[in-house]
Structure formats: structure tokens, C-alpha cells
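As recorded in TrEMBL, the features of this protein are as follows:
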type	residues	note
TRANSMEM	A:33-52	transmembrane segment
DOMAIN	A:91-307	domain 'ABC transmembrane type-1'
TRANSMEM	A:95-115	transmembrane segment
TRANSMEM	A:127-149	transmembrane segment
TRANSMEM	A:177-198	transmembrane segment
TRANSMEM	A:229-250	transmembrane segment
TRANSMEM	A:270-287	transmembrane segment
TRANSMEM	A:294-314	transmembrane segment
Amino acid sequence: MSDAPSRVHVSWPGQARRRNTPLRRGDRALRPYLYLLPAVACFVIWVYQPLFEAFMLSFRQWNMLPVSPKHWVGLDNYCNILELPKFWQALSNTWYYLLGLIPLAVGLPLVIALFTQDLPPRLRNLYRGLIFVPMIIPPVVAAAVWRWLLDPGHGIINLGLQKLGSSPVDFPYDPDITLWTITFITGWKLVGFATLILSAADAAIDTSQIEAARLDGASKWEIIRDIRLPLLSPTLMLLILMVVLLGAQWSFAYIHVLTEGGPLGSTTNIYYLLWQFGFGSLSVGWSSASAVTLFVGVGVGVGFGLLAAALFALKSKVTFHDD
Amino acid sequence: MTTDAALRAPLHRWRRRARLLPKGWDNAVGQVLMMIVSLICVFPVYWMIVTSLRPENEIFSSALWSDAVSLDNYAYALGTMPMVRMLVNTFTVSLVVTPVQLLTGILAGYAFARWRFRGAGFLFGAIALTWLVPLQVVMIPNYLLVARMGMIDSLGALILPHVASAFAIMLLAQAMRSFPSEVIEAARMDGATHAHILWQLIVPNLRGTLAPLAILIFITTWNEYFWPLLLTRSPENSVVQIGLQMFITAEGTQWGPLMAASTMASLPILLIYLVLQRQVIASFMKSGLR
């Protein structure tokens, strides 16, 4: 420690003097915890304790009325939801949401970020400013506006389609396309944000490598494939992780305002199902059991995802000596 | 730019292959693509405002602009729904949550950045992990807790779970870690207490981090929908996001008033964005780049 640089080796003149009194010492040891107390208390009360409570409630049968008893039913809730076609439908719908969101919230932004890198800064900022607008709009407003735009009778999109000779499309009510409608709206909201993050990562790439590749005669596409994409991959992984973890949750407002999970459960994803179990049919046990199942599933998924990301980062570090 | 010169360099044997397409085609494609995407992104917002300003007999018009501008929809929305009250409620919640979340973030961030203490790594991890817990997973216990406190249908219950956020803490801890420690040591030598260092030295110098963070917290709180949906019962005690839904009924949707209410619900955010666009974008960027 003594030969560590002075920046790391911190020693205050007052330190030795204060350490002498035991009272002072206890005070000092407690201080970090005091600073952390408000935040930690908030998380214990609103996240960790409820997580435990949800786990406990998943073994009970209860309808949320304070007067009615909470029956212990063991693993029955888990057995019941796993036998429910609705549960599996919601899970597969969640999967479709994520599948549809990846190209919209990661693929398209990547293309935009790569295409706009050479635009004059002023123009680029204008475009970025415009495509960012959906991100800041309240989700319910977005849902209401899209409901209006897509209205089968009077929505501007259907009026346009009719002018082009197509029959009106029942965007929010046709079970075959509703899920993609909601996915599109969720993606619409994210494009600007994802583009921004990818552009920032793109701008941070060391230009000397690109310059060198250009001088060696590499085409724009080769530069993208061999330099930009590999260097962007950590950011891409982060975005994909974000979409996988949060994407289906973000669609809640759109589902709730546009379809309420219907028609025939075709737009119900697992997060919406939790809401329906809990506050629609007041089956606390089912909702909690699904929540625990989901949480464990997500936990395992994230564990694998992080592992994959770490391996990926390690690999790219080994392959490209960019630090 | 020097890159242009490099592009035109005769060394370009690869470029010849791409000559099938005229020079600069990728730029043109980029421009067109950006215009289409920008249009898709902005048009719904534009259409919302235009619809909200149409007189009732023109609501279903598909004209991109109508000459007859009417505020009837706004009058109707304000008349049938306590919109002003809801907007004030939303403002109140956002204006309370923002400084409180900053405060808890500053305190916790300082603890992580300045001290090494037992359990620091564990606590940091536990705080970071809260980001992964979906609200839908803990909604029932949270709802029951609010009910036990007798706070259903109150603004206080909308504020309490947002007293601290993992994101603010992580961002501020990171910002404070990179604060030059020489400056802090110098202050300590002069006998400054931790409170002095935090509030008179670090916080004023972290404005570049705090301002975008405050904007982000404000917008996020303003836009929140799920938690108020669980808790509010009466329009007088709810936020504007919930009020919007009341124009969508089983008998049919009142599009004009709905769009007017939507415009009112997003106007404060849009105004912030117009004035502080650079900071807003920076704040969201920070949320993705850690």
C-alpha cells in the first residue's frame, strides 16, 4: 500500500487524531449507513419486503378482501396456473412482443445510427430531436393517439388505406394483427432513445482505426462490418438486455388502453396477465404464483444474459485491442 | 473533413464494386430513411394537436390542417373532468418526487463514493437489482401496504414508492467517484465536515449531472401510469394520465376531448423538451450509458 500512487493512498491529517476516541470511531463507522438509510429503507419497504410477501402469498388462496381468510393451499396455485392455457398463451405472447421489439428497438436504430453518422451535425441533431419526441410523450397519451390514428372507422391511417384501395384494417380488434400493432407502438416509442444511445457509442469509436481502414481501401460496408459493429456490440448487448427485460413491461399502457388484453387474450403478455389475475379477478394467489414464476424465470434469464455479455465482452477485448 | 479526401483516394479498389449505384447513394438513402422515420415519430403528436383544435363537426376530417380553429374540445374536457385539478396533482407529485429522489440519491451516492464500509458491495448490488424487479411482481403487496396505511386514493401514496431510485443512486455514485479527490482532501485539511464537503463542494459542482437527472426524474414521474392506475379511485385525487382514460368509454370514444386532454397531459413535457432539448436528450442518454 505504501508504494501505491498518492491518489489512491488517502490519508487525512485529522484521521489519526480522531481514531483515538472510541465514541468517534463508532460514529464514523455508522455514518455511511446513515447516509444510505433513506434509500435502503425505501427499497426494503417497497421492493424487497413486497417480494418476500408476494412469495408467501403465492401459497395462499385469497381474494384481497381484508375480512376474508387466506387459505394455505401449498403449491396448488403453481399447479393451477401451469395448467392454464391462458398462462402459456401470455408467455408465448410475451415472447412475440420481444421478438417484434428487437428489430424495431435495436435493429432499426442501428441502421439509423450507422446511416446518419456522416450527416452534417445540424441536420443530424434535427433528426435526432424529432425521432426522440415519442420517447418523452406519456405512454397513455401515446396509446390514446394511436388508438385514434388506427381507429377502423375514422382513423387517418385507415382513411389513407381506403384511398389506396385497401379495405379498412381492424388494427386494434383483429386478433391476428393486434399484437403487432401494440409491438409497433412500443417500438415507436423506443426508436429515438435506442438511436441516441447507439449514435453516442458510435461517435465514441476511435476514428483513427476507421481512417486507417479507409486508407487500406476498405469500403464503407466493410468498415461497418469489421470495425463499427464489433465495437458497438457491448452497447447492442445492453440494448437487447434492456428490451428483453423491460420491453414487455413497457407495453402495459398500450395494452390497457387499446385492447385490455383482448381480443381472446391475443395481446395479453405475462405482465398484463399478472394485472388481470391480481386486479381483474382478484385472485391474489394466482397472480403471486405467476409473479414468482416470472421473477425466477427472469432471474435465470438475466444470469445467462450477463454471463453471455461477459463472455462477449471478454472475447471482444481479446480480439480488438481497443483499450 | 479529412475523411472525404480519404474517401476519394484512388486507393479505393473496393469502391469500384459499389459503382453500380450512383455516388453518394447511401447518403441519399439515409436522408430519405431519416425523413420517413422522423415523420412517423412526429406525425401522431401533430395529429393529436390538430384534432384537438378541430370544431366538433370536423373531427373526422382527414385534412392535414383546418382553418377553423376551435377550443371547444378543451372547454369540454375541462368541463367534464377536473382536468385542472389533475394537472395540479401531477405537478405536485412530480415536483415532490424530483427533489426527494435527488436528495436520497445524493446521500447514498456520497456514502458509496467516499467511504469503504462493511457490506458496501452487497448494498450497492441490492440497490442495483431493484431495477430488475417489475412493478407487476410486487404490485399486490405494495397495494396492500398502501391500504394498511389508509392511503388509497391519496397523492402521498403516489409519492412514497418513488422516494429513492436505483438509477439516481448509481448515476450519482459514479459521478461522485470521479470527483477529484485532491479537492476533497484539501477541504478536509481545512477542517471541512462531510456535510460541508457534500453540500458546498460536491453538489454545486455536480450540476451537470444533477440537472439532466432532475429532468429525467420529472418526466418519468409525470408520465407514470401503472402505479396511479392501481391506487386512484376518484378523479379529484388522480393524475392526468388516469383522467385521459375516462374519455374512452364502451359507448364510444369522444375523440376531440380525448385529444384535447392528451395535449394538455403532454404539453408540460413537450414544453420542457422544446426549451431544454439538449439536456433532455443528454439525460436520457445517461440512463442508457452507465
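Glycine is no exception: its Cβ is also placed from the backbone N, Cα and C atoms.
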Positions on the same chain near the transmembrane segment (A:229-250), where near means CB under 8 A and six or more residues out: 94, 97-98, 101-102, 105-106, 109-110, 139, 186, 189-190, 194, 197-198, 201-202, 205, 269-271, 298, 301-302, 305, 308-309, 312-313, 316, 319-320, 322
Among A:177-198, A:270-287, A:294-314, stretch most in contact with the transmembrane segment (A:95-115) (C-beta, under 8 angstroms): A:177-198
Remote residues contacting the transmembrane segment (A:270-287) - C-beta distance under 8 A, at least 6 residues beyond either end: 57-65, 73, 76-77, 80-81, 86-87, 90-91, 93-94, 248-249, 251-252, 255-256, 261, 294
